[in-house]
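Copied from Swiss-Prot, the annotated features are:
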- 55, 93, 94, 95, 96, 97, 105, 118, 119: glutathione binding site (BINDING)
- 63: [2Fe-2S] cluster binding site (BINDING)
- 38-141: domain 'Glutaredoxin' (DOMAIN)
- 55: N6-succinyllysine (MOD_RES)
- 151: phosphoserine (MOD_RES)
- 1-31: transit peptide (TRANSIT)
């Protein structure tokens, strides 16, 4: 898995993003795995405030659900996040599913905690919870700025 994570990190750097930051423990259930895979994934999801595992890249999502997650983050003005393309690495793709005990991709983590996939992020966007969660991370949603402009 170490080589897999190296490829994922290299892909992340190719996207022009440097990883940094910290986080709280993830809420997902971890499956026992060999070679410290869970520990390596734990480090990945905690490395940045917002981490997304998707099919493709933010610039070129390869499935509608991954595209929806990217678009929701863009609507909120979230541009600084770590994105890992699971299509580049089958071990990473299966490993993150085992790590979170969630069967599908994309997967979104906020401050090291597993949030869910596209459907949950969309629901959080629609009911306003995403604005609040981003605020807890010190990220001001662009939608709040837009509302402020409209009220003036």
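Yeah, the Cβs are placed from backbone N, Cα and C, and that goes for glycine too.
Feature annotations (Swiss-Prot) mapped to structure.
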residue: 55; record: glutathione binding site; DSSP (3 states): coil
residue: 63; record: [2Fe-2S] cluster binding site; DSSP (3 states): coil
residue: 94; record: glutathione binding site; DSSP (3 states): helix
residue: 105; record: glutathione binding site; DSSP (3 states): coil
residue: 119; record: glutathione binding site; DSSP (3 states): helix
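Highest local Cβ density among the binding-site residues 63, 96, 105 belongs to 96, counted as other Cβ atoms within 10 Å over all protein chains shown. Counted over all residue pairs in 55, 93, 94, 95, 96, 97, 105, 118, 119, the record's binders of glutathione, the longest Cα to Cα distance measures 21 angstrom. It is 17 Å from the Cα atom of residue 96 (glutathione binding site) to that of the residue listed as '[2Fe-2S] cluster binding site'. Candidates 55, 94, 119 (binding-site residues) were compared with the residue listed as '[2Fe-2S] cluster binding site'; those inside 10 Å Cα-Cα are 55.
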